[in-house]
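Structure in structure tokens, see below.
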């Protein structure tokens, strides 16, 4: 950090969308000297409208605007990971990886270089200081809460981040944009899904992989009996029911994917239930608040399945998660995030 650092300065990640636009307004209202930065992570067909929107907003607010091209890094660390995980028969979580290992670390790095203490985004999350550590907590809008994706942030980031959107609903954010005359931002549609893969991921894999990388294979039941042909194992995920292309007059789900044999195992829903799992690449904000406790909630999908659990550290440096009730469709590669009430305690990647 340069000696010129100032606690009233903030570097704001700006996508040109509604959330980061209102975040800039709110930070200015709070007395911060804002600098906007737009990361060039991925551009579909050279679409740079988001850059122009962010630049125009900064010009209107009379704040500096920077762009930072990280497309090569994003390709190597996020997109290639996404493709490789599906080719390994896993279910990837690119937004978790991007936030914890790319976006927020980049904000810190550039802030340090510029002598700016704070950095911020338009994420719908909050922050709280508990027992000597900062923690991410859920945003007040349950439909927009993004805390699930931020379990891996270290203290050096948590202690300097600003989160102006955490106490607002999306409806109120749109109202603020309209009230302040930022009508384009107020009416922008929310981005859905993975930023670089807005279409079905299967189409994306076909586009990105060499011809012949994905070949037809076979569905089997749990007893090893052949059921039908499938289009290629990367096109299926654990727990999937729709889109299998078969009619057995009963509900069947993907239970297991065997990449080496291009096999997909199908079963009934009950067979997908598990009462334990292991995590790698984990991060815990404060081990004293998480390990060996019986009041921890684990979530394995964004805004979906949650259950009480007990978490223990294993000799091989993995986390063992004992579920108090079964969960279905626990898939390798997915993220698991730990909570107590609204506080994020950590998380990891399911093995």
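Including glycine, each Cβ sits where the backbone N, Cα and C put it.
The model shown is predicted, which means the values in this text are computed figures rather than measured ones.
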Taking Swiss-Prot at its word that 13, 14, 15, 16, 17, 18, 19, 20, 39 bind ATP, choose the one of 115, 122, 132, 139 listed for that site.
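Looking at 115, 122, 132, 139, the one Swiss-Prot places in the ATP site next to 13, 14, 15, 16, 17, 18, 19, 20, 39 is 122.
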I need the least crowded one of these binding-site residues (13, 17), counting other C-beta atoms within 10 angstroms of each C-beta.
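Fewest other Cβ atoms within 10 Å, among the binding-site residues 13, 17, is found for 17.
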Which of the recorded positions 98, 123, 195, 334 has its Cα nearest to the Cα of residue 13 (ATP binding site)?
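Of all the candidates listed, 123 is nearest in space.
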Just report the maximum Cα pair distance in Å for the recorded ATP binders 13, 14, 15, 16, 17, 18, 19, 20, 39, 122, no decimals.
16
Hey, how far is residue 17 (ATP binding site) from residue 123 (site 'Interaction with tRNA'), Cα to Cα, in Å?
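Between the Cα atoms of residue 17 (ATP binding site) and residue 123 (site 'Interaction with tRNA'), the distance comes to 12 Å.
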Applying a 10 Å Cβ distance cut-off over all chains shown, what neighbour count does residue 15 (ATP binding site) have?
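A count of 20.
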